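Asks: Handing you a structure now.
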Amino acid sequence: MTTNYIFITGGVVSSLGKGITAASLAAILEACKLNVTIMKLDPYINFDPGTISPRQHGEVFVTDDGAETDLDLGHYERFIRTKMSCRNNFTTGKIYSEVLCKERRGEYLGATIQVIPHITNTIKERIMEVGISYDIVIVEIGGTVGDIESLPFLEAIRQMVADVGRDHIMYIHLTLVPYINAAGELKTKPTQHSVKQLLSIGIQPDALICRSDHTVPLIERKKIALFCNVHEKAVISLKDVDSIYKIPGLLNSQGLDDYISKHFKLNVSEADLSEWEQVIYEEANPIGEVNIGIVGKYVESPDAYKSVIEALKHGGLKNRVNVNIELLDSQDVETHGAKLLNSLHAILIPGGFGYRGIKGKIIAVRYARENNIPYFGICLGMQVALIEFARNVAQMEDANSTEFAPDCRYPIVALITEWRDQNGKIKQRSEDSNLGGTMRLGGYKCQLIANSKVHQLYGCDVITERHRHRYEVNNCLLNEIKKAGLHISGYSIDKQLVEIIEIPIHPWFVGCQFHPEFTSTPRDGHPLFTSFIKAAFIYQKN
Ligand code: GLN
């Protein structure tokens with residue numbers, strides 16, 4: 001079967017929700033039993049988003065095969081069951097880097113290297129390489145039409161008609177149809193201009209998805225269709241909705257999946273959206289609510305915790321409780337103390353890097369531990385939980401991570417190359433591992449210990465979860481911690497690294513070195529988040 005490509009571009013303004021739209025479209029095509037995947041092409045120059053501040057770029061989503069990618073890939077995996085890989089996201093920087101490496105190796109045989117054809121060819125190759133295994137590849141082009149930096153991407157997708165044929169290509173343009181209060185009217189002109197801009201680079205859109213805070217009525221859609229040379233049926237109204245899970249249904253109800261399958265001449269079954277209807281039902285019919293605090297350091301940029309926030313909501317869906325999320329700045333907790341936390345029914349400390357805000361996080365862990373408040377520590381959140389426990393329960397006063405205090409007496413968390421006991425004795429040779437000093441990224445197997453809480457929750461012995469960290473629990477100091485009552489309930493498959501900690505006498509106190517939020521989905525949830533929200537609900541009721 002030939003692969004079909006749907007290219008999604010954005011116009012008028014940014015932040016129209018191209019990622020969610022691409023994911024929702026993929027969801028309805030998946031519901032038609034098509035084998036679909038989604039790619040994100042980012043026009044910026046960074047090699048990948050791994051080094052961009054979460055304040056600027058939101059979270060870094062980690063794929064199972066260990067790529068640091070755009071957060072849109074998180075939406076993709078939450079909306080479809082296809083797993084993303086390192087090939088589903090690339091940037092201008094990555095393309096240039098590949099082309100320049102080839103040039104240095106002399107592979108272009110003395111040619112002058114140019115944006116067209118060398119950069120555009122590489123972009124096309126990277127897209128078509130993914131295409132091999134799918135019926136449909138949806139390709140989201142980052143940025144907005146008119147941006148200088150996205151031009152090579154648009155040129156590449158224009159050229160793809162010649163490579164795969166117009167019948168196997170569809171261009172969908174996402175635009176804004178603003179409602180002007182003073183005039184009491186929806187305005188189609190920005191859409192017309194945006195489509196003109198696309199036309200000027202040789203792309204005639206096949207469908208338009210019109211974002212608006214109002215439903216775009218038929219008369220306006222007809223007008224848009226006429227001016228933009230698009231079929232009436234292919235002008236889709238996508239008004240603001242209270243839940244992103246309603247978007248697949250909105251697209252389907254306007255026949256977008258039908259229009260696409262006709263365009264590609266596919267004979268597909270009708271979309272079965274029952275799982276999404278179930279999600280909407282769960283969301284709309286809560287039996288209670290809980291307040292969950294995320295204690296972090298990017299409170300003004302919730303996108304920095306996108307997958308964690310979504311996973312908490314999924315936990316809410318599975319328990320049919322509404323999850324109110326409060327983002328708390330750990331530096332405020334440090335300044336004002338644990339009283340900031342007293343309206344919470346559970347506390348989560350997410351992943352993070354660097355010393356800022358660590359003191360406040362330790363205060364939050366102590367408060368949760370001493371007051372039997374459900375606590376969930378993810379990556380850095382597990383590391384600070386361990387530091388708190390070491391200091392305040394196991395009497396290791398100066399316990400710390402070498403990320404924050406390289407010379408501390410009890411380096412309970414450290415690079416593997418730095419593991420030592422309190423007398424400075426190194427017990428494990430650094431050469432034994434190639435992980436020290438580098439980032440441990442992607443899915444790794446973890447062995448769960450029988451009779452632990454997590455073993456019961458996952459219901460199996462071995463799990464795979466995704467990692468993104470450098471520091472590890474220092475095995476040289478583990479005995480003291482265990483004696484003081486901390487339970488290690490998960491290890492790396494070779495038993496060398498601590499993966500999960502629990503406090504058995506606490507109602508719900510779990511820390512994991514991995515990021516379970518990356519594998520939670522609205523339809524399936526995630527056992528740790530489902531159980532955490534359940535514990536918060538029980539705490540709230542008592
Ligand atoms: N900074 C810690 C480390 O590198 C934790 C990273 C994280 O939370 N993702 O190990």
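The first residue you see is number 1, and the count goes up from there.
Cβ coordinates are placed from backbone N, Cα and C, and glycine is handled just like the others.
Okay, so TrEMBL annotates it like this:
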- 1-266: region 'Amidoligase domain' (REGION)
- SER14, ASP147, ILE148, GLU149, LYS187, THR188, LYS189, PRO190, THR191, GLN192, LYS223: CTP binding site (BINDING)
- SER14, LYS187, THR188, LYS189, PRO190, THR191, GLN192, LYS223: UTP binding site (BINDING)
- SER15, LEU16, GLY17, LYS18, GLY19, ILE20, ASP72, LYS239, ASP240, VAL241: ATP binding site (BINDING)
- ASP72, GLU140: Mg(2+) binding site (BINDING)
- GLY352, LEU380, GLY381, MET382, GLN383, GLU403, ARG470: L-glutamine binding site (BINDING)
- CYS379: active site, nucleophile (ACT_SITE)
- HIS515: active site (ACT_SITE)
- GLU517: active site (ACT_SITE)
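Where in this structure would I find these features, and how exposed are they?
Replies: A helical conformation is recorded for LYS189 (CTP binding site) in the three-state DSSP classification.
Sequence-distant contacts of GLN192 (UTP binding site), defined as residues of its own chain at least six apart whose C-beta falls under 8 angstroms from its C-beta, comprise ILE224, PHE227, CYS228.
Long-range neighbours of GLY17 (ATP binding site) (same chain, six or more residues apart, CB within less than 8 Å of its CB): LEU174, ARG211. For the recorded site, GLY17 (ATP binding site), the DSSP three-state label reads coil.
All protein chains included, ASP72 (ATP binding site) registers 24 other Cβ atoms within 10 Å of its own Cβ. When secondary structure is read from DSSP and collapsed to three states, ASP72 (ATP binding site) falls in the helix class.
Secondary structure from DSSP puts LEU380 (L-glutamine binding site) in a helix. Packing around LEU380 (L-glutamine binding site) is summarised by its Cβ count: 26 other Cβ atoms lie within 10 angstroms of its Cβ, all protein chains included.
Annotation for CYS379 (active site, nucleophile): same-chain Cβ neighbours under 8 Å, separated by at least 6 residues, are PRO350, GLY351, GLY352, HIS467, ARG468, HIS469, CYS512, GLN513, PHE514, HIS515.
In the three-state DSSP scheme, HIS515 (active site) falls into the coil class. Around HIS515 (active site), taking its Cβ as the centre, 23 other Cβ atoms fall within 10 Å, counting all chains.
Taking Cβ-Cβ distances under 8 Å and a sequence separation of 6 or more, the neighbours of GLU517 (active site) in its chain are SER307, VAL308, GLU310, ALA311, PRO350, ILE378, HIS526, PHE529.
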Asks: Considering only the recorded positions GLY19, ASP72, GLN192, LYS223, CYS379, which possess a Cβ situated under 6 angstroms from at least one atom of ligand 1?
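Replies: CYS379, in sequence order.
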Asks: Restricting the comparison to the binding-site residues SER15, GLY19, THR188, ARG470, which residue's C-alpha is spatially nearest the C-alpha of ILE148 (CTP binding site)?
Replies: SER15
Asks: Counting only other Cβ atoms and using a 10 Å cut-off, which of the binding-site residues SER14, SER15, THR188, THR191, GLN383 scores lowest?
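Replies: Each of the binding-site residues SER14, SER15, THR188, THR191, GLN383 was scored by Cβ atoms within 10 Å; lowest is SER15.
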Asks: Counting all other Cβ atoms within 10 Å across every protein chain shown, which of the binding-site residues GLU140, ASP240, GLU403 scores highest?
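Replies: When each Cβ's neighbours within 10 Å are tallied, GLU140 leads.
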Asks: Looking only at LYS187, LYS189, LYS223, ARG470, the binding-site residues on record, which one has the least crowded Cβ, with the fewest other Cβ atoms within 10 Å?
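Replies: Candidates: the binding-site residues LYS187, LYS189, LYS223, ARG470. Fewest Cβ atoms within 10 Å: LYS189.
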